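Features from TrEMBL:
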- 359-613: domain 'ABC transmembrane type-1' (DOMAIN)
- 645-869: domain 'ABC transporter' (DOMAIN)
- 981-1265: domain 'ABC transmembrane type-1' (DOMAIN)
- 1301-1535: domain 'ABC transporter' (DOMAIN)
- 314-335: region 'Disordered' (REGION)
- 35-57: transmembrane segment (TRANSMEM)
- 69-90: transmembrane segment (TRANSMEM)
- 110-128: transmembrane segment (TRANSMEM)
- 140-161: transmembrane segment (TRANSMEM)
- 181-202: transmembrane segment (TRANSMEM)
- 395-416: transmembrane segment (TRANSMEM)
- 471-492: transmembrane segment (TRANSMEM)
- 547-576: transmembrane segment (TRANSMEM)
- 596-616: transmembrane segment (TRANSMEM)
- 974-995: transmembrane segment (TRANSMEM)
- 1025-1047: transmembrane segment (TRANSMEM)
- 1104-1137: transmembrane segment (TRANSMEM)
Amino acid sequence: MCAAILEEYCGSVFWNASYLNREDPDLPVCFEQTVLVWIPLGFLWLCAPRHLASLYSRKQVTKKHLSKLYICKQLVGSLLFLTAIAALAVTLGQDYGPSADPPSTVKNAGVYYVNPILYAVTWILLLLCQEGVRRREGAVDSATLFVFWLFLVLCDVFPFQTLLREALRLGEISDVPRFCLFYISFGLELIALILSAVADIAPEDKELFKKNPEAGAAFLSRITFNWLNSMMFKGNRQPLVQEDLWELQEEDSTATINDRFQFFMKSELAAARVRLEKKLKKKQDSKAKGATFQNPMTNGLANGVSQDVLMMEEKGKKDDGKKDDEKKEKDKEKEEVDHPSSWLISTIYKSFKGLLLESAFFKLLQDLLAFASPQLLKLMISFTQDKSRYIWEGYMYAVLLLLVAILQSLFLQQYFQRCFVLGMKVRTAIIAAVYKKALVVSNDTRKESTVGETVNLMSADAQRFNDDPSVLAGLAVMVLMGPINGLIANMARKIQIKSMKFKDKRLKIMNEILNGMKILKLYAWEPSFQTQVEDIREKELKVMKKFAYLSSISVFVFNTAPALVSLATFAVFVGVSPSNILTAEKAFTSISLFNLLRFPLAMLPMLIAAIVQMTVSKKRLEKFLGGEDLKTDVVLHDPTFNTAVSVRDGSFAWERQSEPLLKNVSLDIKPGRLVAVVGAVGSGKSSLMSALLGEMYTTKGFINIQGSLAFVPQQAWIQNATLKDNVLFGSQHDKTRFQEVIKACALDPDLELLPGRELTEIGEKGINLSGGQKQRVSLARAAYSQADIYLLDDPLSAVDSHVGKHLFHQVIGPNGLLKDKTRILVTHGVSFLPYVDEIVVLVDGVVSEVGSYKSLRASKGAFSEFLDTYAKEQRNRTTSEPGGFQETVDVELIPETEDLQPDSPLEDTVSLTLKRENSIRRSKRIGSVRLRRQSSIKETEVASKSNKGQRLIEKETMETGQVKFSVFLQYLRAMGWGYTVIVFLVYLLQNIAFIGQNLWLSDWTNDAVDYYNMTYPSWKRDTRVGVFGVLGVAQGFFVFFSTLLLAKASISASRILHSRLLNNILRVPMVFYDTTPIGRVVNRFAKDIFTVDEAIPQSFRSWLMCVLGVLGTLFVICLATPFFTIIIIPLALVYYFVQRFYVASSRQLRRLDSVSRSPIYSHFSETVSGLSVIRAYGHQERFLSHNTKTIDENLKSVYPWIVSNRWLAIRLEFLGNLVVFFSALLAVLSRDTLESGMVGLSISYSLNVTQTLNWLVRMTSELETNIVAVERVSEYTELENEAKWVTDTRPPEKWPEAGRVQFDNYKVRYRPGLDLVLHGITCDINSMEKIGIVGRTGAGKSSLTNCLFRIIEAAEGRILIDGVDVSTIGLHDLRNSLTIIPQDPVLFSGTLRMNLDPFDKFSDEAIWKVLELSHLKNYVAGLQEGLQHEVAEGGENLSVGQRQLLCLARALLRKSRILILDEATAAVDLETDDLIQTTIRQEFSHCTVLTIAHRLQSIMDSSRVMVLDAGKIVEFDSPSNLLEKRGNFYAMVKDAGITQEDVTSL
């Protein structure tokens, strides 16, 4: 019916099969005039509205001049319009024109009128569309128009050859005008196609596209990723560096991604919170019901009672051991209900649904096409069987196979590209969200996760969301294997959680070891901690082994699945009826369909693992991101108050539920006053500061503050930036003000010593500044900020006495820089109190008195008591009064005050002083200071040459070029050669079984020809099925066996690599830790070991299977069509070059990624440790934007890396598609000699090769990338070690008995190439002498102790202890026989007992005895667990004073004859100080004691005093003699305000 209408419309036959049934087939003319015209035009009409819309959009785009390209396009369009009009004219002319011949009665058919009109309208539409594209923002070409031209040209190819063939057949052209018009328009269409493939870039955008070529890439370049070529070429010529990377597109930048994510997160999180509240309410209701139900009698009271019981339970916990289980239950409940859940996935979906849907669409297209190939294969096989078919059919199938494959590749790569970009965006969004959250998180949430855990959220958990989402492909099959899967997945999840736990634990200990490295070395405790880490590692490896066994089971299941499926199918098929004979088309079509499932099935185990890990991560992220924020409305800013700071009847607590720490505080502070806050330890001084900053929960009352705040915390927080940036802290640089502040804060002399003056880079945590310098920088930052109100939390405690005086008078005091500002100063310096306007006295969290110094002295209250207790000290100790300690309570509660930092050494002042001293030496080397003063030109020159010492922390080294083969060998060696060989052989066997099975199948299908029209013998059938099945199961077993072996091998490799790394890191000299950020070392133990544990075995396995798979495939194709060997060689060459090209750039991008990733984490850790400061100054926005920049820098290397994978994949898939094409083509050419079984085999194999090739290159590059981890780990196993721990020359058993120390012309420098720090020290210290060592900062006091312990080795000269040269014995022998009480009390997490005696050498009695001597017995006896009391990370749950006393206990326990005290009292209040001093006097009276003192009081009674200056001894005599000499020592004593009678009284 339809055909008849069309035939009338065309005036010729529409369809006739006989056209195709001949040697040279053709299409009927009518078909060409209708269907082939409508397809392309229809496509354009469908796509036109989108282009036309931009013509009518409100935004008038003035940009874009008329480019030459655009004019050419429009010209071609217009010419085509003219040809259409011409065609119409020809028809009209023929029908109605005046002609010499009598007018013909036969008119032209309708089609000759309709087509030209159709074309004419289309060309007009096209011209409008092209204008629309020109006006569209950021468009350089149009994909739809390109596709339209492509369709049009392809469809016109058919009439092209029809017309030509007809003309050749007739020997003349029948219809000249139409013939000419067609070829003219065909030529124009070709030109248009070429033009539409070129990008139209406006000159003003050229620069922009240089920075980001993707934005200016044309359609073809976008789908083949050609725009990346320039980077790939560059990367092949020379290793890429950060500067070579391109700018990000707007939509890929962190800011854009984060805004979207935050927008959706807000609503989702709010909804989740509502759900949570409902759930909690329900729970409470049901609980209440339950209580009522249990005891109907107390119906009314039930609730009240249960509440009380709860309270009692809480209290009872402390004094009752068995309540532990309850606590665990409670925690569990808390875990379940505490945070809003299941909102993260929906937020991610909503934020990125565009990308998700696009990728799903492409995947769908690709999957549909994937099913086309087996159908084509079926046609191909039937074609080779039937020799009577025309040869062009074969060629057509070969070309179709190629086309389908190419389209499949294009769609698949677009899908992957979107998947990876989605992963990248999700990771970015999560990192940014975690950072943003960390800035506003409340103290409760903050206490729940240590900094280490939060950094983990950023690194590990965000990464999990990034990892390949494409694994979702195999879901349907997953459902089929549901039960097994469910079981395996569940077990895997449990194992995974366990493994995470051990990982966290191991990293926590590693962190502590690295942070407390100095202490471990001084005490020679490394072996004890090494065994601790190794124990945890063993447990972790056990869990990993379980996981590996589990995954080998799942691999077995999934590998046997396809074999079993095909076995079942074929067996059932031939078994159902004898007439069913397995033919090649049936067998190989089904085999290639099964192969489609193979890949998703192989991905499944990975998918399950990924989903398991993701759910764990999702929970952790939801908990953190859903936690409470800090309330911003705690502090009011009401301008009607006439005070600067008012607190009205306020009570403040650290946690929601806990008791308030500050009770009923009322304060009014007038603008411009200087108020001191004093009180004993633990009275809540620092807490008051935190309350004013709004960091505490207000249980009642309120705080009002007028004006901006500046805050100086008790422990200075220093950023890893230049000194200048630390002081400016984001403000504008004003030279005079800067100089003023520097001078007032006494930083001038320090700048002279620093190699780059104020441009010197300061390491993480201010590692190259001394405690005092840090504190002064922190004060300078506040002074520079010009705030209205200054909260100063004991800034004077960490500095020397005379410096303290200077700071008070120049900055804080009544005549200082800040004299017109409101200042609230927490202090212990009694001597400053007379100068302040008002004193607030705190006792146990209550304000006991407020008033001026005089009035408080007169009132004889708590204050005058406080003064009287220390009346004597008050005269003696001026500013040098001890500070820097923290109130006991605060330490337990404020994470900020102590550094929780995972990658930061706790303030290790010994090494700081070291560094400071070496920087002094360096600066002397750089050029004399005087010179600088004279000429400013000189100064700039010196500053601009980046001096040797200016950068403390060297840039992280990054290997370039190809990963050395030796690294692979190193890994294989660690796995064990035996294992390696066996694994390889077993995989080979598996592959042989696979090929054998398929060859057997091909042979089996040939039976169909042999037994044609005969009954198929059942014995033959059984043999066929049996062998096929056996080979299938064999494969499964080989895979299982090899996976098991590989797991065993890789775990042994993991063990060896980790223990080597740990072993070496503990033996590296201290200098290494001073110049390497701890984060970098931790990274080796975290990220790199993780890669060695989990990623490398996985990629190694996949790589092996891929290599063998590819070889097997090529072998089979060559077996079927030997000609193929000729084609293999050029293909292999091209393949090799593309791959090398890619790997060069990809590897470097990967390295850039890991190097640019570290700053994200360090900036984050830094932010978390300085939160209270950032919040106080209100600089959250600045830090957020800095974080955004840092992430962007990282994305700049991640994005090209993603694209480079696609770039490669597209090119390789095209190669693979050529393999398919050639194997099909050769099969067509040699169809007379080939059995159909072999054809099926070779083509179905080649269909598989594309995927395997692609996978192989990805695996090769992934293996290369991952093996870099082995490279990085081994880099740290080859670091130079310090001297041997134990040597052959051992000192006598009881050495040193006398404790006599002699220095003999002793010289030392920190690192080779630096100047000497001690210049030939010679002195003799007799047995039992008490020596005080004094000198100003940088004189070399700490260096002396470092030398005794051989933390730094002598450059010349020697030290003798009891006549033994210390450099001849082992380090542990030496360090075990000396004892030091270090400046910073470093504790490790573990029991109290472990902290005192890690080797379990001493009995409990001995330990209780030293605890008694160090005044801790009562405290420890009062603890529930006694000696087994758990100390928190860094000793968080003890006050600084208690920590110091514990260090004293350590010293008492070691009972060595030589004791070194390193300013041990700098961080302790007066009471603790007295305790320590008396204990030392009594208990160590028979020892030689060396005391490095800041406070001269503590050494006024020593036998002799050694005064050091610039590394030389300037004075060395008894204190009284030195005072009479009136030299350096006398000046220092005078400075400290110690009078003659004080000395005599001492």
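Glycine is no exception: its Cβ is also placed from the backbone N, Cα and C atoms.
Please treat TrEMBL annotations as automatic predictions, because they have not gone through curation.
Please go over these features one by one and say how buried each is and what sits next to it.
Tertiary proximity for the transmembrane segment (181-202) is limited to same-chain residues at least six positions away from its ends with a CB under 8 Å from its CB atoms, namely 63-65, 67, 69-70, 72-73, 76-77, 79-80, 83-84, 86-87, 90, 134, 140-142, 145-146, 149-150, 152-153, 156, 159-160, 163, 209, 216-221.
When Cβ-Cβ distances below 8 Å are used as the criterion, the transmembrane segment (974-995) is approached by residues 1031, 1034-1035, 1038-1039, 1041-1042, 1045-1046, 1048-1050, 1052-1053, 1056-1057, 1104-1105, 1108-1109, 1111-1112, 1115-1116 of the same chain, each at least six residues removed from its ends.
Within its own chain, the transmembrane segment (1025-1047) is flanked in space by residues 545, 548-549, 551-553, 555-556, 559-560, 563-564, 566-567, 570-571, 574-575, 979, 982-983, 986-987, 989-990, 993-994, 996-997, 1000-1001, 1004, 1097, 1100-1101, which lie at least six positions past its ends and keep a Cβ under 8 Å from the stretch.
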Out of 69-90, 110-128, 140-161, 395-416, what stretch is closest in contact terms to the transmembrane segment (35-57), meaning most Cβ pairs under 8 angstroms?
140-161
Take the C-beta pairs under 8 A between the transmembrane segment (110-128) and each of 69-90, 140-161, 395-416. Which stretch has the highest count?
69-90
Under 8 Å between C-beta atoms and at least six residues away from its ends: which parts of the chain pack against the transmembrane segment (140-161)?
26-27, 29, 32-33, 36-37, 39-40, 43-44, 47, 50-51, 126, 129-130, 133, 182-183, 186, 189-190, 192-193, 196-201, 215-220, 222
Looking only at the domain 'ABC transporter' (645-869), report the model's average pLDDT.
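Here the predicted model's pLDDT, averaged over the domain 'ABC transporter' (645-869), is 84.
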